[in-house]
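Undergrad: A single structure is presented below for examination.
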Amino acid sequence: MPVYGSVSSPSLRKMENGYGHGQRASLSFGRIIGDPFALATISIGVLAWIIAFVSSIISAIHGGFPNFAWWTLVFMFFCIAGVTVTVASDAERTYHVAIVGFLAAGLVFTTSSVNSLVYSPIAPFEAAAAGYILLSMIAVRDCISSSLSQPATNAPRPQIVWIFYYGSQPQASHRAFVDSYALHKEHPGSRSSRPISHGYTNRPETQVASQAPQMYTSAQLNGFETSSPVSGYPGGPAGANGRNSSVPQFGGMPNNGIPNAATPTQDEAHQQEASIEYPYRAKAIYSYEANPDDANEISFQKHDVLEVSDVSGRWWQAKKPNGETGIAPSNYLILL
């Protein structure tokens, strides 16, 4: 297995390609246009709010319009705006719990407003009721036909659709199906059921990655060589290999004096891994399957308990109960 910190690691390349710690995603309405589900539901919500707002003004002119319906309009305006901003900034997974809570309250408000308006024989009140029903429904044609005949008590509602979408985990089958049509979202493959995180940061430095041995040639030492063997360097004292042996020095230093890249051997890598302490324990809240192209990552199942060496950054160096070590995404783990 490649040592941690290897520049060939795909995970390290992902973390170094412009994703810094605390960096916020930019606001882009292209994410809404490229997501058919978000584009359709937000468009219906905006249209419904405009219809309800204009109809409410006309109804208030005739008199007898319930004041509670105005609060519903204000609340739903901020709900629609909040969903729009979170989708445009790709922050749905960060704020999905808050979105579900606000939409649940909005569902109560809209249905209460519909109940206060839909039974009125006054035309502006019926138009306002149609707008509020549309705020609670996913299909425009169902709303129009139902508002002309009877209250659409059994019609699907966009709050319910949004609550069902944002209240489900990313690996849910219906949410994965909806996300598969979005252009900006990474489509989950058949091998993986994990949510996608876009906020990468630098991998926490470990003893293996942060302690690169310093190599010196005999000419550089210029008489300061030690006469006793040095632990961890094959061939005895430093500089002895160049004089008495044909074995390349540690780090790929051949006898011709041309240095190669310093790469630790397998035994030394295992020794350094064994010296790493794992003072933290974390429980997996999602299943994770390691990237087959990156030998540094480890796979684990939901509810697995891992030992963690460092909890800084988005990737943690962890050890499984069977002794396997590697890196794991921190947003799949919770500290115990």
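Every residue gets a Cβ built from N, Cα and C, even glycine.
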Undergrad: Based on Swiss-Prot, are Gly64 and Thr94 on matching sides of the membrane?
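TA: For Gly64 and Thr94, the topology recorded in Swiss-Prot gives opposite membrane sides.
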Undergrad: Other than its close neighbours in sequence, what residues sit by the topological domain 'Extracellular' (59-67), given a CB gap under 8 Å and a spacing of at least six beyond its ends?
TA: 113, 116-117, 122, 124-125, 127-128
